[in-house]
Amino acid sequence: SVVLLICLLLLGQVDGSPVPEKSSVKKRLRRMTPFWRGVSLRPIGASCRDDSECITRLCKKRRCSLSVAQE
């Protein structure tokens, strides 16, 4: 009977423990080192988000471009 009482108390503690909110937990993005940034540069025609991702350093219309005037 004492064991049952202890188990019930422990279950009550687990059930009542606070759960961290997902909105307060932010996932930190890892930054690439200069070595990996250079190794992972994208070729002409590959999709991109900004100039730093392309081997030519030109991202136009979400594609790695060869020149600024290229459409």
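Glycine residues also receive a Cβ, built from the backbone N, Cα and C atoms like all the rest.
The cysteine that Swiss-Prot pairs with C64 in a disulfide, picked from C7, C54, is C54. The number of other CB atoms found within 10 A of the CB of C54 (disulfide bond), across every protein chain shown, is 23. For C64 (disulfide bond) paired with C48 (disulfide bond), the C-alpha to C-alpha distance reads 6 Å. Long-range C-beta contacts of C59 (disulfide bond), restricted to its own chain and to partners at least six residues apart, with a cutoff below 8 Å, comprise C48, R49, D50, D51, E53, S65.
Of all Cβ atoms in the shown protein chains, 21 besides its own fall within 10 Å of the Cβ of C64 (disulfide bond).
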